[in-house]
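These notes concern the structure reproduced below.
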Amino acid sequence: MSQLKIYNTLARDKQVFVPMEAGKVGMYVCGMTVYDFCHVGHARMMMAFDVIYRWLMASGYEVKYVRNITDIDDKIIKRAVENGESIKQLVERNVMYMDEDIGALNMLPPTVVPRATEYVPQMLSIIEQLEAKGLAYKSEDGDVNYAVRGFEGYGKLSGKSLDDLRAGERVDLKSTKRDPLDFVLWKAAKESEPAEAKWDSKWGKGRPGWHIECSAMCSATLGEHFDIHGGGADLQFPHHENEIAQSEGAFGGEMVNYWIHNGFVRVDNEKMSKSLGNFFTIRDVLKQYDAEVIRFFILRAHYRSPLNYSDAHIDDAKGALNRLYTALSTVDIDAESPTVDWDEEHAVRFREAMDDDFNTPLAVAELFDLAGEVNRSKSLDAARQLKALAGVLGLLERAPQAYLQGGSDAGDAGVDDAISRRAAAKKARNFAEADAIRAELTAAGIILEDKPDGTTTWRRA
Ligand SMILES: [Zn+2]
């Protein structure tokens, strides 16, 4: 049996996964700052870790999966004030929208969903420990900052020295920080800010910086040292670098054994982000496409690769998912919830793919191989295996007929079906029928190409 290997950003290498405690995994993922709707970039991030969570469980681990909610932040305060509502109202509404979106995309709920505002005492305690070790100082503007030059390991996740990192920082002349890389742990309250954004502390009223929130929530839920920490690649620096500085600075020892970062979503070769204005909310996308098509579209790319977002790519994913459902629709499997036969050859290769740093594109290729077998042989066992393996990825869980008739375009599936009928006619030496099917497809703008190996491919004219 293969061994799970994970690309660990900290080691810059794929490593065999060894949990701290046999059979158990603790995983923390930086979740949403809930000031607005989630966009496709967020969906991709949460999907990457949903699949990792599912695969760890399928591999027999008991997983404690923690994904936090940042419910206090500059953007949240600003938006609530703009809307003339309380922070609590804004947060509750956006958490509800987020839960709807990720439920539609068939993501499993994490084991624990801590909210930052519930962990302020733990944050204050870590800041005190840092101050006691000379790693935190209160500056003239009242903020409490982290002193990066006091932490020897700073830059280890990014693989850069302090000087390299400093060179990339803008120098803010008004700053009261001792070093441009120093970051805020506790922000002094401003008069104009709403009362619900202020907490008492020994340094005066204020609120936590973003980085300290995660150090507090992960150590409170998983301990000071745990297995996996994940997030989007854009969080590697400074957010995760700062989390390491805080947690290891305060507690000593290692914080995390495996750091996992997922790739960006790109639109016209630019990163999809709110700040660039080229983002699509999950809600808008789900008005246009079936949620499972979007799930499948995201899973067809490896989690570390850039994901190219375009209608053409999603349409392609839709056609491919239709082919899988169409294969299932040819056998009587609707009411079944089969379990995987892990000794079967497709499952062995599926496992190898997933064990190789969660290689979903290769795992999905096994699903297509099985679908081909179902189409050829109408084997119920192959269909069961297809449905069960797809279920490991949260796919093909609906009854095929229901999916295919559910407003989802079954055009591609219809073509595949016609090609199968034509192949059967040729095999039965009924060439008139075979030619008639080809003529029908040609009339519908479908060009067939017979390959030397006996298979037929098609394209639209
Ligand atoms: Zn975080």
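Glycine is treated like the rest: Cβ placed from N, Cα and C.
For the Zn(2+) site, TrEMBL lists Cys214, His239, Glu243; matching the candidates Cys30, Cys38 against that entry yields Cys30.
Which of 71-75, 191-195, 206-210, 271-275 counts as motif ''KMSKS' region' depends on TrEMBL, and there it is 271-275. A distance of 17 Å separates the Cα atom of Cys30 (Zn(2+) binding site) from that of Lys274 (ATP binding site).
Contact annotation for binding-site residues (Cys30, Cys214, Lys274) versus ligand 1: Cys30, Cys214, each with CB under 6 Å from a ligand atom. Reduced to three states, the DSSP call for Cys30 (Zn(2+) binding site) is strand.
Counting residues 6+ beyond its ends, the motif ''KMSKS' region' (271-275) has Cβ neighbours under 8 Å at 36, 39-41, 234, 264-265, 309 in the same chain. Figure note: comparing Cβ neighbours within 10 Å for the binding-site residues Cys30, Cys214, the maximum is reached by Cys214.
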